[in-house]
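Novice: Got a structure here, written out as structure tokens. Questions coming.
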Amino acid sequence: MKIVKVIGREILDSRGNPTIEVDVHLESGFIGRASVPSGASTGKNEALELRDGDKQRFLGKGVLKAVSNINKIIAPALLSRNVFDQRGIDKVMLSLDGTSTKSKLGANAILGVSLAVARAAAEYLQIPLYRYIGGVNTYILPIPMMNIINGGSHSDAPIAFQEFMIRPIGASSFREGLRMGVEVFHALKKVLHDRGLSTAVGDEGGFAPTLKGTEDALESIIQAIDNAGYKPVEDITIGLDCASSEFYKNGIYDYTKFEGTIGARRTSIQQVEYLSELVSKYPIDSIEDGMSENDWDGWKLLTSKIGNKVQLVGDDLFVTNVEFLKKGIEQGCANSILVKVNQIGSLTETLDSIEMAHRANYNSVVSHRSGETEDSTIADIAVATNSGQIKTGSLSRSDRMAKYNQLLRIEEELGDKAFYGYKALKMC
């Protein structure tokens, strides 16, 4: 089935910043549509999104250059291409760009087209996107990692760590896990309200109160879990996204960047010991970016110290790139990869990263970005790849709910064939 038209346009994301939406038209009349997210904290090795830089328009964040690249360069190259040749189409776009970071055409331009192509193919076949991408062996619904307290670059709270998440590991289904998360979210809102703290939400829908520090955030979450009628560890665990690259400089993890004078300054060894101490004290079973993307020795030390009992997720470390993931696997750094489609910039490369991780017995976590749209593609990717885990924000904001609601639909469609969580894959 041939592609007859590709149209790129500028739309707005959940932060009111411009982003890209793409329509791919087929000769049959079917259309695939996709839009592209963007991040607030980014790894230095991520594929580059193309912004206009015109300060007179959207404060320089416009994406008309990337849209033009879609309409004038990518579109002509894809006309009459077979829509089912996803890898070939992505290869054509990568060749047109010709850079390792996709800086010529823009990773946002390439990704928008790549995802829209897959959607168009699924629409033509009249099958769900997760089924088109993953085939017949797709049955794992992901454990949601719900960001309910924001810190770091995602809020103005004086906490260095970027995300405090709950993980409903004790649920029997995605639907139940989502309900558990919602109930804890509302219980936490009451905990914060009763303390006279703000219940305003950040970019990803989590609360951003002026807490005293990391342990205050953890204690507040545990109280909310208890108040909601659940048991820490057995029903719900806690995940952290330290986003350590954001406050790592000259070999030091400088918490004062976000926490002011009360913040500590830690060496790599001290950072490992601090995280190990938190794990021993609280029901934490997942830590993302506990060490900086530039601290590979620190990552090896952390993995050696607690990698046998905690999921250690590489985000900035791996940037969804098989080259960095391969290095991590060889050096024994982390045991899981965070998967962000716009970090690498094409569906093919995203799937390659997940496959490499799973073959090395690394877990994978499919993830949103802080700047999102109503597009729910990552929900389908999580199921398509049997990832078993998804990060798509808190339990508020419609841009986050779009992904959760899509997962509810998928679970309903799979019926009794559905399994819940990444551990289900390893047990089957």
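Glycine is treated like the rest: Cβ placed from N, Cα and C.
This is the feature table in Swiss-Prot:
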{"type": "ACT_SITE", "residues": "E204", "note": "active site, proton donor"}
{"type": "ACT_SITE", "residues": "K340", "note": "active site, proton acceptor"}
{"type": "BINDING", "residues": "Q162, K340, R369, S370, K391", "note": "(2R)-2-phosphoglycerate binding site"}
{"type": "BINDING", "residues": "D241, E288, D315", "note": "Mg(2+) binding site"}
Novice: Rounded to whole angstrom, what's the largest C-alpha distance between any two of Q162, K340, R369, S370, K391, listed as binding (2R)-2-phosphoglycerate?
Specialist: 17
Novice: Enumerate the residues of the same chain, D241, E288, D315 excluded, that satisfy the criterion Cβ within 8 A of the mean position of the Cβ atoms of the recorded Mg(2+) site; list them in sequence order.
Specialist: Q162, E163, L240, C242, A243, I287, D289, V313, D316, L338, K391
Novice: State the three-class DSSP label for D241 (Mg(2+) binding site), counting H, G and I as helix, E and B as strand, and everything else as coil.
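Specialist: In three-state terms, D241 (Mg(2+) binding site) counts as strand.
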Novice: Filter the recorded positions K340, R369, S370, K391 down to the ones within 10 angstroms of D315 (Mg(2+) binding site), Cα to Cα, kept in sequence order.
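Specialist: Those near D315 (Mg(2+) binding site) - Cα within 10 Å - are K340, in sequence order.
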Novice: 10 Å Cβ neighbour count around D315 (Mg(2+) binding site)?
Specialist: 31
